[in-house]
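**Student:** Structure in structure tokens, see below.
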């Protein structure tokens with residue numbers, strides 16, 4: 001029975017060990033384990049994001065010789081966005097590379113993030129879920145090693161409602177307005193419905209929630225309902241093919257694209273462009289504008305791309321939404337290392353020390369200009385209890401060819417969301433038997 | 001020479017009915033078990049436990065479940081992942097909603113719920129067979145996933161639909177460490193393998209094989225065909241349900257409906273096709289092939305080829321090699337790896353003579 005497979009084990013072990021031990025010492029480096037995905041259905045996002053991330057790390061190495069002399073190093077492991085592959089990669093890479101300790105993991109996948117959440121906490125390795133992930137992990141007292149940086153799903157809808165309020169001339173003008181939310185029929189799509197209901201009650205707008213079953217390539221009935229309702233705004237909480245189909249169907253049923261607001265997974269070039277002319281005027285949120293005009297991107301272009309070391313196979317994608325998210329993610333990771341080095345000394349740091357760095361990141365206007373990311377990255381301040389930090393988005397409009405940023409940073413009502421997040425994190429702590437940290441005692 | 005059966009005579013019926021009639025097989029089995037409980041924990045590290053051995057064991061168990069249904073009873077099914085999902089979610093809800101319920105009882109409950117769904121899904125097998133049955137089990141695959149997403153009660157109204165496993169405590173012992181999770185998985189899987197091995201040699205197993213080979217003939221000689229089919233669905237789904245619970249609890253630590261999609265069903269099906277239909281050992285070989293080979297390829301290419309090729313192309317290259325290997329194996333041995341093993345064993349029996 002189990003005999004033969006276990007007999008094969010020593011052989012497999014030998015192969016594995018041979019592979020692991022073929023290494024040379026490289027102390028004095030800080031390592032980033034990259035659970036990247038370059039094949040499979042999400043490759044467009046993965047290659048862009050990890051391309052931007054790697055290029056930024058190369059840029060820091062080339063420009064400054066690493067962080068305070070500590071070179072940054074990385075290696076990739078393909079996850080294909082598949083949870084168990086991500087777990088395998090996590091386990092393979094978490095120990096560091098040739099003696100260089102791992103700083104943080106950045107799987108950019110909700111499923112992998114969930115599956116490695118407990119492991120990260122046990123291994124004391126920060127888990128970065130930029131713009132996505134578990135909303136209640138914002139509460140760093142219960143989730144000490146998880147960082148939904150910039151924007152969690154609750155802040156996302158709150159910011160959208162605030163923007164609609166701005167457009168209507170004040171939040172008090174929302175009363176009596178009609179807002180339809182078209183959401184993807186998945187846990188992701190439903191996640192923010194309770195928050196929308198709460199906001200509807202608070203501001204007195206009329207909310208209609210319409211579900212689009214996965215994958216959403218047929219939305220005639222939903223948009224006919226929308227036509228009957230005649231809403232002032234439609235919030236599109238889509239994913240993949242659902243987005244262009246929604247825009248096309250909206251055009252067919254005569255709903256204006258400039259009153260549709262796409263969320264964080266409906267905001268890339270790939271969501272708008274396939275809809276062709278129907279997408280013109282479509283508005284969506286973004287945590288970081290696309291474009292190459294920022295000093296940090298110009299720096300990357302000069303030192304990395306023009307030197308022929310760029311990570312992107314297709315240089316045309318330089319500066320697109322996914323790439324810039326990778327750059328933003330790189331800036332935040334490197335800043336955490338930098339902040340932590342100020343406390344623990346300029347040497348390779350453990351995950352626990354980098355965690356301290358993340359919790360003390362402070363990006364104000366001055367610091368943003370120093371790293372050349374003013375306008376690209378939002379002002380951000382993290383702490384022991386706040387692992388999100390920002391909660392602001394900008395709005396962009398599709399002009400038929402590309403996104404144009406049309407607003408300044410619009411802040412979510414984070415004070416309103418905090419109690420809901422804490423209720424949820426407390427329940428999680430109770431379920432898992434976690435004693436929350438006392439953040440007033442953390443330095 | 002070492003594998004000779006000469007001189008081994010059964011002197012009692014009991015001996016003739018043993019699972020392993022050759023002394024060498026028995027010794028090998030006990031040594032393997034001993035190694036699995038002592039040498040492997042001693043040699044292995046966290047990476048091997050949590051990234052290789054646990055998924056290998058769980059997928060072997062899942063393969064075993066499907067193999068009883070498809071390999072032995074001849075009923076094609078693409079609903080394996082659905083039964084795994086039922087097992088995982090039932091276990092989660094049982095442990096959550098009945099505080100104090102031992103984890104293993106919860107896992108068994110998950111298996112029973114999966115068996116129930118399995119019987120329901122198996123009902124059409126009374127009328128249809130082959131590819132038509134395959135399609136009707138496909139309905140289960142989609143329905144279960146839809147239901148688990150649609151009704152948030154199943155995931156305890158968790159906003160994201162992803163639920164995390166409760167602490168792994170059995171009989172007051174904490175099994176949360178990678179080694180503990182490995183031992184727990186092994187200890188749950190082994191009795192089921194033993195049960196399956198007995199089943200397929202018993203009356204029911206022979207019914208199944210008769211139904212598989214020709215159900216009309218089976219009916220003519222008085223085998224209750226429908227009952228045998230339904231039992232195959234029930235027992236197969238039970239094992240798949242337990243495998244699903246283990247997948248969620250001891251391996252990933254999270255459960256989400258998306259993790260049990262059609263691809264998982266295909267994966268289990270490939271395990272039994274590559275490992276060998278109608279073989280217990282084949283499930284382990286197939287799972288090893290499916291789990292270990294891609295990881296080995298990935299580790300090897302990361303350490304020897306990285307830097308030579310762009311990482312995206314490296315990944316595609318691995319896929320090409322993996323696919324080519326599957327084709328080669330299936331051309332060399334359409335009956336699966338288990339058959340290769342059997343041929344090897346037959347050779348070893350007479351070695352160093354030729355026959």
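Each residue's number is its place along the chain shown, starting with 1.
For all residues, glycine too, the Cβ spot is worked out from N, Cα and C.
Checked TrEMBL, it gives:
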TRANSMEM  B:27-43  transmembrane segment
TRANSMEM  B:49-69  transmembrane segment
TRANSMEM  B:76-95  transmembrane segment
TRANSMEM  B:101-123  transmembrane segment
TRANSMEM  B:130-148  transmembrane segment
TRANSMEM  B:182-200  transmembrane segment
TRANSMEM  B:230-252  transmembrane segment
TRANSMEM  B:264-282  transmembrane segment
TRANSMEM  B:289-310  transmembrane segment
TRANSMEM  B:316-332  transmembrane segment
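How buried are these features, and what lies next to them?
**Tutor:** For the transmembrane segment (B:27-43), the list of distant contacts is 20, 53, 179, 182-183, 186, 190: same-chain residues at least six beyond its ends, Cβ to Cβ under 8 Å.
Only residues 6 or more beyond the boundaries of the transmembrane segment (B:130-148), in the same chain, are considered here, and those with a CB under 8 A from a CB of the stretch are 75-79, 81-83, 85-86, 89, 117, 121, 124, 154-155, 257-258, 260-262, 265.
Under 8 Å from some Cβ of the transmembrane segment (B:182-200) lie the Cβ atoms of residues 19, 33, 36-37, 40-41, 44, 49-50, 53-54, 57-58, 60-61, 64, 68, 72, 104, 107, 168, 170, 175, 208-209, 235, 239, 242, 246, 250-251, 280, all in the same chain and six or more residues away from its ends.
Below 8 angstroms of C-beta separation, residues 59-60, 62-67, 70-72, 78-82, 84, 141, 193, 196-197, 200, 209, 212, 240, 289-290, 326, 329-330, 335-339, 341 of the same chain, each at least six residues beyond the ends of the transmembrane segment (B:264-282), sit close to that stretch.
Same-chain neighbours of the transmembrane segment (B:316-332): 270, 273-274, 289, 293-294, 297-298, 301, 305, 309, 340, counting only residues six or more beyond its ends whose CB sits under 8 Å from a CB of the stretch.
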**Student:** Please work out which recorded stretch in B:49-69, B:230-252, B:289-310 has the most C-beta pairs separated by under 8 angstroms from the transmembrane segment (B:101-123)?
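**Tutor:** The stretch I would name here is B:230-252.
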**Student:** Please check if the transmembrane segment (B:230-252) comes into contact with the transmembrane segment (B:289-310), where contact means 3 or more CB pairs closer than 8 Å and the residues in each pair are separated by 6 or more positions.
**Tutor:** no
**Student:** Can you name the far-off residues of the same chain, 6+ from the ends of the transmembrane segment (B:289-310), with a Cβ under 8 Å from a Cβ of it?
**Tutor:** 51-52, 55-56, 59, 267, 270-271, 274-275, 317-318, 321-322, 325, 329, 337
